[in-house]
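**Q** Provided herewith is a single structure, encoded as structure tokens, for subsequent inquiry.
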Amino acid sequence: MGSSQSVEIPGGGTEGYHVLRVQENSPGHRAGLEPFFDFIVSINGSRLNKDNDTLKDLLKANVEKPVKMLIYSSKTLELRETSVTPSNLWGGQGLLGVSIRFCSFDGANENVWHVLEVESNSPAALAGLRPHSDYIIGADTVMNESEDLFSLIETHEAKPLKLYVYNTDTDNCREVIITPNSAWGGEGSLGCGIGYGYLHRIPTRPFEEGKKISLPGQMAGTPITPLKDGFTEVQLSSVNPPSLSPPGTTGIEQSLTGLSISSTPPAVSSVLSTGVPTVPLLPPQVNQSLTSVPPMNPATTLPGLMPLPAGLPNLPNLNLNLPAPHIMPGVGLPELVNPGLPPLPSMPPRNLPGIAPLPLPSEFLPSFPLVPESSSAASSGELLSSLPPTSNAPSDPATTTAKADAASSLTVDVTPPTAKAPTTVEDRVGDSTPVSEKPVSAAVDANASESP
């Protein structure tokens, strides 16, 4: 509860008459005065900011006459105006039937003492104090400090003490007569725990919201209006409604006729026809039927889907390393093919005189460099021209034949045979070395005859 006021009091000040107790059926009760929270600040426009007989005189002057009373509520922190009629005929004591005390309402809610645990057979239990819901708000004397209550209890040892107690459960104040006794058999003179401070103040508006709540049990003859969201119509029991035909159920059943999930789905249609429009629940037998559904082709029953083949045959293990014509192999490089050169035939190994035959494996053939297309016009004669001059060569025909034979074999291994190769070799050899014309020609002819 806040201790500061939110409105300005007419005439200024923070003083008034604190309403402590309101008797039943009294003029103050009919005016709506609320104990502990209400402060009478003025009557008929007269500000009550002093502790004198002004309030009594105004009430006596207006007996059986309605007067206007301005009330400040520390619960709502607002001012309100009410009408009260002082009377001696209502059947109780006083003209208003209320107990009041002049004090300041600024900080009045801070001086409260919260009743905590209450021991059995203690003076507090015998006086009717209720644990955790009772708040001691005052006594016959003014208490402004926390020690004022304990001092008052010590001075009333074994003597009756009147306390004003507010209860949050009943939202009302009452007078409690308690007799402090330190020899009651327990701790303390009251036998109860008392809290003081910020954490033990009276909660703000404890029952204002709760009073507006009306339970359905209090209105036995009033039928409960169903909600418009449809949730009140959902029945959680297994008993079906007597006869309900919601319009949305028929459309759902018609739209589901074209959807063939299994051969006979009777369980689904029975659930949709129960009449429950919002929460259709599937019974357990649906799951049993779904477990026995044979494999089917969804393209035959569901429209708008791409048709799938009826079944896939058992495929053997495929060799994933087979290169497709449109897929470049991921590992390795493709073979370099020169479009201007025909493929080279495999040559048999040469048996040279005096040298052991050297086998030429086929796996070493791709390691030889290929002659580019620009040098394809070069003949074997150019390769022979790089040999040493024939003037320095020995005159032995067999040696000349062997060299020519070796040169001819080198030329055949590197460059493909062409039609112009023999003529070019004969012309170049004839121009440079006329002495070895016949042996070279014979060697070339021999090679040509030996080639496959």
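Just so you know, glycine gets a Cβ as well, placed from its N, Cα and C.
What Swiss-Prot lists as region 'GRASP' is 15-215, and the listing cites sequence analysis. Residues annotated as dimethylated arginine in Swiss-Prot: Arg30, Arg47. Residues or ranges marked as domain 'PDZ GRASP-type 2' by Swiss-Prot on the basis of sequence analysis: 111-199. The annotation region 'Important for membrane binding' is assigned in Swiss-Prot to 194-199. Look at Swiss-Prot and you will find Ser214, Ser409, Ser436, Ser441, Ser449, Ser451 tagged as phosphoserine. Under the heading phosphothreonine, Swiss-Prot lists Thr222, Thr225, Thr415, Thr433. Taken from Swiss-Prot, the feature compositional bias 'Low complexity' covers 372-424. Annotation source Swiss-Prot lists region 'Disordered' at 372-452.
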**Q** For the region 'Important for membrane binding' (194-199), jot down how many residues DSSP puts in helix, in strand and in coil.
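**A** Secondary-structure breakdown of the region 'Important for membrane binding' (194-199): 2 helix, 2 strand, 2 coil.
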**Q** For the domain 'PDZ GRASP-type 2' (111-199), would you mind checking the mean pLDDT of the predicted model?
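**A** A mean pLDDT of 92 is what the model gives the domain 'PDZ GRASP-type 2' (111-199).
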**Q** What does DSSP say about Arg30 (dimethylated arginine): helix, strand or coil?
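**A** Assignment for Arg30 (dimethylated arginine) reads helix.
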**Q** Distance between Arg47 (dimethylated arginine) and Arg30 (dimethylated arginine) at the Cα atoms, whole Å?
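**A** Approximately 22 Å lies between the Cα of Arg47 (dimethylated arginine) and that of Arg30 (dimethylated arginine).
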**Q** Using a Cβ cut-off under 8 Å and a sequence separation of 6 or more, which residues in the same chain sit near Arg30 (dimethylated arginine)?
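**A** Looking at Cβ-Cβ distances below 8 Å from Arg30 (dimethylated arginine), excluding near sequence neighbours, one finds Val84.
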**Q** According to DSSP, collapsed to three classes, what secondary structure does Arg47 (dimethylated arginine) have?
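**A** Strand, per DSSP.
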**Q** So if I draw a 10 Å sphere around the Cβ of Arg47 (dimethylated arginine), how many other Cβ atoms end up inside it?
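**A** If we count other Cβ atoms within 10 Å of Arg47 (dimethylated arginine), we arrive at 17.
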